[in-house]
Amino acid sequence: MNKIKTIGVFTSGGDAPGMNAAIRAIVRTALYYNINVTGIMRGYEGMISGEFIPMSRKSVANIIQRGGTILKTARSEAFRTKEGRKEAFEQLKQHNIDALVAIGGEGTFTGANLFIKEFNIPIIGLPGTIDNDLLGTDFTIGYDTAINTVIDAVDKIRDTAESHDRLFIVEVMGRDSGLIALRSGIGVGAEAILIPESRTDIDALFKRLEESRSDKSSKIIIVAEGDKIGGFEITEMIKEKFPKYDTRLSILGHIQRGGKPSCMDRVLASRLGVAAVEALLNGRKGAMVGLINNNIHYTPFYNAIKHLSEADPNLLKIVNILSL
Ligand code: F6P
């Protein structure tokens, strides 16, 4: 055991369902090991401005089922500057915080990496993002809930699409990643799935629509937000090429980030929260804790934030076989 007496916990970047379950697990594990926990509000923003709150077993009661994050979150511009990070470090010192658990995604871990290099403070990360775009974990906290939200919404769109014999383009979140689109697209039986990891070949899409069974009364195309062409443009192109289709665009937006976390996300957050605190107590730092093949793994921040450059070819193949 090393000399950690107080751990600071914060959520940062886009929120994700299951962040509260993670906060609960971190607080209760730390208290179990007789370590104090301080909550840092609004991520790095609150660290800089000194928005700290003491955490107790009670302060995390009744939150495991709640979406969002009780610690709030932000994307901090100030923390990108050296002065901002220095101020944050001063605040941590003043409040006797000697280690951190950061719950977030790529931006959060990029900041954490710099912070460790400059001030040598121990930080362990938990993957909290609906995008599932971090290496070193099969799934990120929030992803399972988000894809279930998507399939719930698209099932409803399917009802109206069937009634009107319509083609729907549905744009889902994922600025740099098509993983929400890919998995939810398979889950709703999409005609095609367009993602940033592979070049969108509009002629291939047209061919697919031409070849698709004429007795299908509804068609769904899932487009990731980060697709190079984008949902709006694709809708316009399809309308022009296939005037016979009654085509509509639906952008699901931020409903994908809200809602009660699924059981998968609650359990994932709980397991990773416990592992994060134990890792700090065992002297680990600068790594994200994740789950690979159901086992805990630690991945250095600089590896966790490297992007997957291609989508799983097995999933892509499934789409092609099943959607005809
Ligand atoms: O990173 C999660 C995410 O929901 C992305 O999928 C999306 O592109 C982005 O956040 C939207 O962020 P904001 O809510 O800040 O506009």
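Cβ atoms here come from the backbone N, Cα and C positions, even for glycine.
According to TrEMBL, the protein has these features:
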type     : residues                                                                                               : note
DOMAIN   : 7-280                                                                                                  : domain 'Phosphofructokinase'
BINDING  : Gly14, Arg75, Ser76, Gly105, Glu106, Gly107, Thr108                                                    : ATP binding site
BINDING  : Arg24, Ala25, Ile26, Val27, Arg28, Arg158, Gly189, Ala190, Glu191, Lys216, Ser217, Ser218              : ADP binding site
BINDING  : Glu106                                                                                                 : Mg(2+) binding site
BINDING  : Thr129, Ile130, Asp131, Arg166, Met173, Gly174, Arg175, Glu225, Arg248, His254, Ile255, Gln256, Arg257 : substrate binding site
ACT_SITE : Asp131                                                                                                 : active site, proton acceptor
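Within the set Arg24, Ala25, Ile26, Val27, Arg28, Arg158, Gly189, Ala190, Glu191, Lys216, Ser217, Ser218 that the record links to ADP, no two Cα atoms are more than 53 Å apart, and one pair reaches that distance.
When the Cα of Thr108 (ATP binding site) is compared against those of the binding-site residues Thr129, Arg175, Ser217, Ile255, the shortest separation belongs to Thr129. Annotation: no binding-site residues among Arg75, Ser76, Thr129, Ile255 have CA atoms within 10 angstroms of the CA of Ser217 (ADP binding site). Across the domain 'Phosphofructokinase' (7-280), the model assigns an average pLDDT of 97. Over all protein chains present, the Cβ of Gly105 (ATP binding site) has 27 other Cβ atoms lying within 10 Å. Summary of the ATP site environment: with the site residues Gly14, Arg75, Ser76, Gly105, Glu106, Gly107, Thr108 set aside, the chain residues having Cβ atoms within 8 Å of the Cβ mean position are Ser12, Gly13, Gly43, Gly104, Thr110, Gly111, Thr129. Shown in sequence order, Ile7, Val9, Val37, Val101, Leu126, Gly273, Ala276, Val277 are the residues of the chain, 6+ apart in sequence, with a C-beta less than 8 angstroms from the C-beta of Ile26 (ADP binding site). Most other Cβ atoms within 10 A: among the binding-site residues Arg28, Arg75, that distinction falls to Arg28.
For the pair formed by Arg75 (ATP binding site) and Met173 (substrate binding site), distance between Cα atoms is given as 17 Å, rounded to the nearest Å.
Checked against ligand 1, the binding-site residues Asp131, Met173, Arg248, Ile255 give Asp131, Met173 in sequence order as having a Cβ less than 6 Å away from one of its atoms. Fewest Cβ neighbours within 10 Å among the binding-site residues Arg24, Arg257: this applies to Arg257. The closest partner of Gly14 (ATP binding site) among the binding-site residues, by CA position, is Thr129; the full candidate set was Arg28, Thr129, Gly189, Arg248, Ile255. Cβ-based crowding with a 10 Å cutoff singles out Arg248 as the top-ranked of the binding-site residues Arg175, Arg248. There are 20 other Cβ atoms within 10 Å of the Cβ belonging to Gly14 (ATP binding site). Cβ neighbours of Glu106 (ATP binding site) (same chain, under 8 Å, six or more residues apart in sequence): Gly13, Thr129, Asp133, Leu134, Ile305.
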